[in-house]
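Student: From Swiss-Prot, for reference:
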BINDING   G170, D171, R172, Q173, T174, G175, K176, S177  ATP binding site
SITE      S363  site 'Required for activity'
Amino acid sequence: MVSIRPDEISSILKQQITDYDQSVSVSNVGTVLQIGDGIARIYGLDQVMAGELLEFEDGTEGIALNLEDDNVGAVLMGEALGVQEGSNVKSTGKIASVPVGEAMQGRVVNPLGQPIDGKGEIPTSDTRLIEEMAPGIIKRRSVHEPMQTGITSIDAMIPVGRGQRELIIGDRQTGKSAIAIDTIINQKGQDVVCVYVAIGQKSASVANIVEVLRERGALDYTVVVSAGASEPAALQYLAPYTGAAIAEHFMYQGKATLVIYDDLTKQAQAYRQMSLLLKRPPGREAYPGDVFYLHSRLLERAAKLSDAMGGGSMTALPIIETQAGDVSAYIPTNVISITDGQIFLSADLFNSGLRPAINVGISVSRVGGAAQTKAIKKIAGTLKLELAQFDELAAFSQFASDLDEATQQQLERGKRLRELLKQPQFSPLNLAEQVAVVYAGVKGLIDEVPVEDVTKFATELREYLKLNKSEFIEEILKEKKLNDGLEATLKEVINEVKSSMLATV
């Protein structure tokens, strides 16, 4: 017979009372009614908020977008192969956030901030909301510092300033991404953090861009966010906001940042797909009514912060793809109206051999003039006008048989200016090299050089300056001004290079 010991029973009861966990966990749970095409209809989730993160049974995450009377429409951020009708869904009470910080530089991540480059986890504990309010008026100051792209035609005629939104627009295969990549490469040594967002692109293209950046030492200060063509529409829609959040972290630390959205046409198409599947009413070109807000809330996050806020900046270069040069379509006109200017790339100019194929006549920078360096502003003032007039005269001269001497001279000057502005890919020029090249063309110092030799002349001029006049380059890079002494030196060098070149022709 086992004896019952009261003290033992008492201690067991006390232990159980002590260990009793009386906390109650309340979770907001729903049931999947319907699933397909990356969209789930969920019954329940009465307490869910718009934009709240949801967690499905198999670990897939989603975002609640449509809050209707009897169900919730959510988009899935993954394949969701384990989700089916009747699956449980839990609201998390959180809004989508992404890891940020120094450790992100040099990495390739997906729109959720997860690494996809095979280099392991990213050692950072900082996070930031993907959707963040843009800085208010008081927190900003006007654009006043240059963001050098290294591309002469842009820095001279369509200058971009830190904190500006400059649209790159053109048909497919006209060199839009090339301009963006060149701009990233040109930030080497400038203490600028770059974020390249690839939306709906082929994985091979993104891998190629990453390799180009690595070869040129630009990946060290760049974060690549990739939502490939095979990714769900929800991830393609989120990718630009993720890029903006990563850049914002550095901007609020007082750093200069550059974000490239390549391209926002595909983001709008992904959003249209999601909206139509969620049965939102379609508008023009079947886009939903809030597609303008989709891009405006993204691009308004680019800013030049006031000194009180640390003086950081986020420069945005959104890219838009047009169909047969039609800039009056819905998305192009929306983004043109949001941004501070546009660089228009022409397929005709591209096919005629002009690279970068910038159409100077309809390209403009609305605020960049205030940020342009004095050295290039002084000499490039007439360049845009001369090239625009040349384009008109060139079209007119095809129909006119006898042209007066002044018109012929203007045509010849225009041909040489256009040749001077040709620039191979991945070879950005510094300020001093740009000043030298533009000065030679605008001042008419190369009018005697044959048109076919102008590109060769520009290369020789840059080489001569590097080898024999390094102090000229250093002075311009330091002072950012072209004084009378430097101008005399430059004129002398140009004439010397021209004479030696003409002697061998």
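Start at 1 and count along the chain as shown; that gives each residue its number.
Cβ atoms here come from the backbone N, Cα and C positions, even for glycine.
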Student: If you count CB neighbours within 10 Å, which one among the recorded positions Q173, T174, S177, S363 has the smallest count?
Tutor: Q173
Student: According to DSSP, which of helix, strand or coil covers Q173 (ATP binding site)?
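Tutor: Looking at the DSSP assignment, Q173 (ATP binding site) belongs to neither helix nor strand, so coil.
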Student: So among the binding-site residues G170, G175, who's got the most Cβ atoms within 10 Å?
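Tutor: The largest 10 Å Cβ neighbour count belongs to G170.
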Student: Given the binding-site residues R172, K176, which one's Cβ is surrounded by the fewest other Cβ atoms within 10 Å?
Tutor: R172
Student: Take the C-alpha atoms of Q173 (ATP binding site) and S363 (site 'Required for activity') and report the distance between them in angstrom, rounded.
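Tutor: For Q173 (ATP binding site) versus S363 (site 'Required for activity'), the Cα atoms are 18 Å apart.
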Student: Taking the mean position of the Cβ atoms of G170, D171, R172, Q173, T174, G175, K176, S177 as the ATP site, which residues outside that list, in the same chain, have a Cβ no more than 8 Å away, listed in sequence order?
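Tutor: Going along the sequence, the neighbours come out as E321, L345, A347, F350.
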Student: Hey, how far is G170 (ATP binding site) from S363 (site 'Required for activity'), Cα to Cα, in Å?
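Tutor: So the Cα of S363 (site 'Required for activity') lies 11 Å away from that of G170 (ATP binding site).
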Student: According to DSSP, collapsed to three classes, what secondary structure does S363 (site 'Required for activity') have?
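Tutor: S363 (site 'Required for activity') sits in coil per DSSP, no helix or strand.
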Student: Between T174 (ATP binding site) and S363 (site 'Required for activity'), find the distance joining the two CA atoms and give it rounded to the nearest Å.
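Tutor: If we compare the Cα positions of T174 (ATP binding site) and S363 (site 'Required for activity'), the gap is 15 Å.
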Student: Which whole-number value in Å describes the distance between the Cα atoms of K176 (ATP binding site) and S363 (site 'Required for activity')?
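Tutor: One finds 14 Å between the Cα atoms of these residues.
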Student: With every protein chain in view, how many other Cβ atoms are within 10 Å of the Cβ of D171 (ATP binding site)?
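Tutor: A count of 18.
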Student: What does the structure give for the C-alpha distance between R172 (ATP binding site) and S363 (site 'Required for activity')? Integer Å is fine.
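Tutor: Taking the Cα atoms only, R172 (ATP binding site) lies 17 Å from S363 (site 'Required for activity').
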Student: Please report the Cα separation of G175 (ATP binding site) and S363 (site 'Required for activity') in Å, rounded to an integer.
Tutor: 15
